[in-house]
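*Asks:* Pulled the feature table from TrEMBL, pasting it below:
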type	residues	note
DOMAIN	103-265	domain 'SLC41A/MgtE integral membrane'
DOMAIN	347-494	domain 'SLC41A/MgtE integral membrane'
REGION	1-27	region 'Disordered'
TRANSMEM	208-237	transmembrane segment
TRANSMEM	249-269	transmembrane segment
TRANSMEM	281-301	transmembrane segment
TRANSMEM	313-335	transmembrane segment
TRANSMEM	341-360	transmembrane segment
TRANSMEM	405-427	transmembrane segment
TRANSMEM	439-460	transmembrane segment
Amino acid sequence: MSTFKEHASPEYGSDDEDLIPGEDPGLQSLLATFEGRHRGQRASKSSQTKPREGRWPFVMGILKETAPTLFATIIGMVFTGELLEHVSTSEALKKIDELFILIPMLNNLKGNIEMNLSARLSTAANTFQLDDGPTRRILLSGNLSFIQVQALVLSALAAVCSFGLGRLLATLPEAETQAPPRRFRGIIRASKWPQKSPGKTKSGFREFMAVLSIGMSAASMSALVLGSFMCSVVVICRRFTLNPDNISPPLASCLGDLLTLTLFTFMAVTLTRPFVYSTPLVFVIPVLLFALLITALLATFRNKSVKSMLKDGWSPLLGAMVISSGTGIVLDSFVTKWDDFGSFAIVISGLSGSVGSIYISRLSTSLHATSAALSAKSASPRTSHQRQLSISSGAVDPTEPHRPLLTAATLSVVALPVQIAFIAFVYSAGWMELPMLFVGFYLLFFCFSTAFSLVLAHFLTHFLWARKLDPDTYCMPIHSSLVDLSAQLMLAGCYQLVSALGGDVKAK
């Protein structure tokens, strides 16, 4: 994927000779697309220009693609929560408590990595860079090697941090380290750290290597499997004239958590079996993974389309991890105070964040496409037929405005029925009792959370773009962590308000 500097509008300029448009295969293909088909058609240009797409087709294009995706996101959240419920009582986590600390950190990092990947590939697809076979192979292989580097480095960092925190918690009184037994716990980034197992021996070097092996191997396999899946999703969307901006970000977030947790569980159960744990395998795996890291690093460095991201793609992920850690500290008391807080916290933050991620991906694509068209000194679309294919289902067109209000309103409208469907499901399944007063205020606060997510997505994307920072790399991690914080604070306010009004919400 070409970086922001490669697509920057002319007024930004660039001092890097490697980023000259003519030397970048992705941008060169893109500029040729915008320019090549119109050199002999300037006289008839006005007759070939397609009128601006109407509001109703624009809205329906978004609705028919985002609604199934958001429903799938909710289902993925439920499965992830149920899987975590099983994992939290497994023998592997009882044997090495630091693994439970690693789960939310690893999910946070991996989800953001895949969301960034989906945003970059969606921009590439909607700016025609995936239409050319050689360019497509360069972009996809470069992005896969880059997310492998990110996954291995950040999972190693998360493993070190979780092991250090586990050692610190071992010195604290037992009452200060107890974690509430909650449905969906640990997926929410505000849960307390787990309690040390009674009579457990002190963690040592072998335990540290086991944590490192499990975290890095799960992250690496998840990056390979989910990264390949997201590449396929974006290419298929382009093939069938669907807009990947509407589909890929929520899928990346939801499947990232589910797949990472599944692989994490598999590796934890396998490596903590007595006949495996006592072997040198826990020492060999990290060595092999660091060798893989060096290989992926070299492959990324040699790929011009992603080379520059080796120095630019880290700070937003680390910043998001810091913000999410602060979220856990601030909201710790609320998680333990109210019944079913964790279940609702996942959905209100996850669904609001998914809506915002779609908006960010669409807006970022629009900014990149418009900038590339300006760089080509041509705001003209392709032929009339090709333009219709490119913008069908709400896909981006460089000559069309982003329509921020209409896009935000459409995403808000589609998110509310999905939220109502979740409430109906958990109520009919008998998972929780829901007073009507609470349901009404919860939906109201969900609307507030969704509005905040969309407003933040709009201004944060423009803020980063104006400062020559690619929103595809910088925006989603920061946005998701801030939405998590704000959504769960709003949920806490909802519980407090309903309780003050005499609603039957159960306190701990």
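A Cβ is built for glycine as well, from the same backbone N, Cα and C atoms used for every other residue.
Quick one: how deep are these features, and who are their neighbours?
*Replies:* Within the chain, the transmembrane segment (208-237) has long-range Cβ neighbours (under 8 A, six or more residues past its boundaries) at 96, 98-99, 102, 106, 109-110, 113-114, 117-118, 121-122, 124-125, 130, 136, 140, 143-144, 147-148, 150-152, 154-156, 158-160, 162-163, 243-244, 247-248, 251-252, 255-256, 259-260, 263-264, 266-268, 271-272, 277, 281-283, 285-286, 289, 292.
Nonlocal intrachain contacts for the transmembrane segment (249-269), taken as residues 6+ away from its ends with a CB within less than 8 angstroms of a stretch CB, comprise 66, 69-70, 72-73, 76-77, 79-80, 83-84, 86-87, 90-93, 96, 99, 102-103, 106-107, 110-111, 113-115, 117-119, 122, 187, 213-215, 217-219, 221-222, 225-226, 229-230, 233, 350, 353-354, 357-358, 360-361, 476, 480.
Here the transmembrane segment (341-360) has long-range neighbours at 66, 69-70, 73-74, 77, 81, 115, 119, 182-185, 187-188, 190-191, 245-246, 249-250, 253-254, 334-335, 407-408, 411-412, 415, 418-419, 422, 426, 431-432, 442, 445-446, 449-450, 452-454, 456-458, 460-461, 471, 475-476, 479-480, 483-484, 487-488, 490-492, 495, meaning same-chain residues at least 6 beyond its ends whose C-beta is under 8 angstroms from one of its own.
Counting residues 6+ beyond its ends, the transmembrane segment (439-460) has Cβ neighbours under 8 Å at 344, 348-349, 351-353, 355-357, 359-360, 363, 404, 408, 411-412, 415-416, 419-420, 423, 471, 475, 478-479, 482-483, 486-487, 490-491, 493-494, 497-498, 503 in the same chain.
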